[in-house]
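Structure first, commentary second.
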Amino acid sequence: MEYSSSVSDYHQAAKYLLPLTPLTFSPFVFNSEGNECIIASAKHCGECIQAGAKCGWCKDPAFLKQGEAVSTRCDELQSLVKRGCNVDMIESPKGERKILRNKPVTNRKKGGEKLQPHEITQIQPQKLNLTLRSGEPQTFDLKFKRAEDYPIDLYYLMDLSYSMKDDLENVKNLGTSLMQKMSKITSDFQIGFGSFVEKTVMPYISTTPAKLLNPCTGDQNCTSPFSYRNVLNLTSDGKQFNTLVGQQQISGNLDSPEGGFDAIMQVAVCGNLIGWRDVTRLLVFSTDAGFHFAGDGKLGGIVLPNDGKCHLEDNVYTMSHYYDYPSIAHLVQKLSDNNIQTIFAVTEEFQPVYQELKNLIPKSAVGTLSANSSNVINLIIDAYNSLSSEVILENSKLPSGVTITYTSRCKNGVVNGGENGRKCSNISIGDEVTFSISVTSKGCPNEGMSDTIKIKPLGFTEELEITLNFICGCDCQKVGINKSPLCHSNGTYECGDCRCEDGHVGRECECSSNDVATEDMDRTCRKDNTTDICSNSGDCVCGTCECKNRDNPEERYSGQFCECDNFSCDRSGNKLCGGHGRCECRVCVCDLMWAGSACDCSLDNTTCMASNKQICNGRGTCDCGICKCTDPKFQGPTCEICPTCPGVCTEHKECVQCRTFGTGEKKDTCEKDCSYFTLIKVKDRDKLPQPNDAAYPVMHCKERDANDYCPAGPDIIPIVAGVVAGIVLIGLALLLIWKLLMIIHDRREFAKFEKEKMNAKWDTQENPIYKSPINQFQNPSYGRKAAVL
């Protein structure tokens, strides 16, 4: 019987102990980019708070230690408190948000109370005042709700070149028909009409006198070409629309693209003449051709850029020959400034072109116009529903250093961020959505002067006005003492320190900047003649060392000559002072119950306490929390393990025998007397835990069983001989089987050959190379006598 036993001074039971997995600690790595306060090297409180939202300035006059620079007053708030600055002595102003106008959004049903456009509110709030601290965002919510029965102005701008002749007939009754359709959406609807052709210069039109009167060919009677004409101001009279449109005549031009951009610009900027109200503004642009844009005017000798101003005289654009076509970006700006949403009603041929244009113009839509514009009403209704179901926020130009972010909370709990945070889609009338908007400044924009920005939904006249104020200084600067005696009358005493005037330096502004590099002053910055100036860890300013800052805010130089630091002490476990003390002037000051140069020696002896409540089991001494066994026979963390102590195998023998084989003296009392340990059986002796490999010291025991019998080990020679013989016999058997199979195969092949030989029939006449040895000749007959040779 062979088993493995754990041995101790108290003969503890044999057990398998799993080794403890050691814990691995990664050293703390400081990211210097995170502390913008240290990097700023601020010389006064204003510079400090502009460095970042986490920065604060300690204004306690006694805060700085010897050798520390003024810039060390600026640090993260927690670091300042840890370094001994009272919270009440820290300057760290915070931004704030004030709502100045917060009129609730309008809840009104169609057919209810009649309201003027300016009495309807769709965004909330309407006016804010934000005070911004550098790096600290100010966040607020903007609510938007589509008001029911909201007024609509629609201006129909039509291409009147000759190719649109049949379309004009269908537009003549557009006024009353569209009025009826739009009455289902709003009770306050106005419609206007304008037309365009092309610039009245070559090569866009023919400038011969006859063509200027009638640009059409043959017997067609066309009106003179023009660039843009406002035919009808916005009106609620649909019949008047039909009448005036019915009086319009087709004109003509030479090239395929039209001058529609000139017309759109005038419609956008001539709001007073056209009659735009502060309501939903729709511009329907109807054409069957492409468009000219900025730069094309050079063909006609026009090089002046479009000025984006209104030039209507008697409702006709008079400067088409003087200003170039507007650029797309210019149009986008003017349409946005005037809250105009554009619907491009174009033929299928030009759909791809205007789809690309739509992608460049926010709040625009494209519809396919039938060949004769018969579907124009349905096109307008569909496009309006598409435009009004989406809200997109835009803001005016931001001051330098100011950023803005949007997060939208739309219908059905949909939340969008980034660029998509500006918009919500699939909004029905009466739906309410919310935008979370954050405004952040960096530094002190506009030199601290206030500024105003505006946020509005595209296509709507309502807007949120935000006044921005910037925190650029501290309150303690406002009570600074100019020409203070504490600063040798050469600076202002503010926020706990001197702010020197130009030309003066030093902690108390006591030196002229021209005298700071003298040899005498450098001498006072050396600890002795053999050391570097300020121990090479600082700068000598006015005869006094100002220690350099470290990237890690936890690490600092100090001392009269910057000879001290708090990061060069001994380490243990990759931790400064073992994590159980603080480093002062390169020497560890240990916490209570810790000692040693690296504070890695624990004075707590509880880890040395053995199970018998004795220190190191009475057989060792406790040194820094670890037992050092004085008796060489004992080992382990508490000197309780004795692998060579006698009697261990004998003591456990009876219990191992009864629990394993059910025999021995304790077989009847086994369950009672031998249940104090865990027994693990193994099939092979080699699988027993080894003394050198086990996590817990063990020893092997070999004992005889109750019958005084110890099983002998296996006889190796017969086993090896049997294995060799088996291999040889198997090889011979396989060889014989292979030989037998080859004989059978050969005999079958020979029999097949014999059979085919017997069945063979040879015929010489059928042999193509056989030639008979007999030749026959026929002699000619003479007198019927034949001669045979």
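Backbone N, Cα and C atoms are what each Cβ position is placed from, and that goes for glycine too.
For C48-C85 (among others), the entry in TrEMBL reads disulfide bond. If you draw a 10 Å sphere around the CB of C48 (disulfide bond), it holds 25 other CB atoms from the protein chains shown.
Under the heading disulfide bond, TrEMBL lists C216-C222 (among others). The Cβ of C222 (disulfide bond) lies under 8 Å from the Cβ of Y162, N214, P215, C216, Q249, I250, S251, G252, each of these being in the same chain and 6 or more residues away along the sequence.
If you look up TrEMBL, you'll see C270-C310 (among others) marked as disulfide bond. Long-range C-beta contacts of C270 (disulfide bond), restricted to its own chain and to partners at least six residues apart, with a cutoff below 8 Å, comprise N230, C310, L312.
TrEMBL lists C410-C424 (among others) with the feature disulfide bond. Under 8 Å, Cβ to Cβ, and six or more positions away along its own chain, C424 (disulfide bond) finds F144, E390, V391, S408, C410, K411, V414, N416, V433, F435.
Here TrEMBL flags C495-C534 (among others) as disulfide bond. The C-beta environment of C534 (disulfide bond), restricted to residues of the same chain at least 6 apart in sequence and closer than 8 Å, consists of G67, C525, C540, C545, E546, C547, F561, C562.
Look at TrEMBL and you will find C540-C545 (among others) tagged as disulfide bond.
Summarising the environment of C577 (disulfide bond), the number of other Cβ atoms within 10 Å of its Cβ, over all protein chains shown, is 25. The disulfide bond feature in TrEMBL is assigned to C542-C577 (among others).
The disulfide bond annotation in TrEMBL covers C583-C588 (among others). Within 10 Å of the C-beta atom of C588 (disulfide bond) sit 24 other C-beta atoms, taking all shown protein chains into account.
Annotated disulfide bond per TrEMBL: C585-C616 (among others), in sequence order. Taking a C-beta cut-off of under 8 Å and a sequence gap of six or more, C616 (disulfide bond) has these contacts in its own chain: C608, A610, C622, C627, K628, C629, T638, C639.
Residues or ranges marked as disulfide bond by TrEMBL: C601-C608 (among others). Note on C601 (disulfide bond): other Cβ atoms within 10 Å of its Cβ, all shown chains, come to 18.
TrEMBL lists C622-C627 (among others) with the feature disulfide bond.
As annotated by TrEMBL, disulfide bond applies to C629-C639 (among others).
Feature annotation from TrEMBL assigns domain 'Integrin beta subunit VWA' to 44-474. Per-residue pLDDT, averaged over the domain 'Integrin beta subunit VWA' (44-474), rounds to 89.
Feature annotation from TrEMBL assigns domain 'Integrin beta subunit tail' to 649-715.
What TrEMBL records for 739-785 is domain 'Integrin beta subunit cytoplasmic'.
Under 8 Å from some Cβ of the transmembrane segment (716-738) lies no Cβ of any residue in the same chain that is six or more residues away from its ends. If you look up TrEMBL, you'll see 716-738 marked as transmembrane segment.
If you measure from the Cα atom of C85 (disulfide bond) to that of C542 (disulfide bond), you get 26 Å. Cα spacing between C601 (disulfide bond) and C577 (disulfide bond): 10 Å, rounded to the nearest whole number. Contacts of C495 (disulfide bond) defined by a Cβ separation under 8 A and a same-chain sequence distance of 6+ are given as H44, C45, W57, K59, R73, E91, C474, C476, Q477, G480, in order along the sequence.
C585 (disulfide bond) sits 13 Å from C577 (disulfide bond), counting Cα to Cα. It is C216, among the disulfide-bonded residues C216, C410, C542, C622, whose Cβ has the fewest other Cβ atoms within 10 Å in the structure shown. Shown are the disulfide-bonded residues C85, C310, C545, C629; the one with the most C-beta atoms within 10 angstroms of its own C-beta is C545. On the backbone, the CA of C542 (disulfide bond) and the CA of C48 (disulfide bond) stand 24 Å apart. A sphere of 10 angstroms centred on the C-beta of C608 (disulfide bond) encloses 23 other C-beta atoms. It is 6 Å from the Cα atom of C588 (disulfide bond) to that of C577 (disulfide bond). In sequence order, D565, N566, F567, S568, C569, L576, C577, V589 are the residues near C583 (disulfide bond), counting only same-chain partners six or more apart with C-beta under 8 A.
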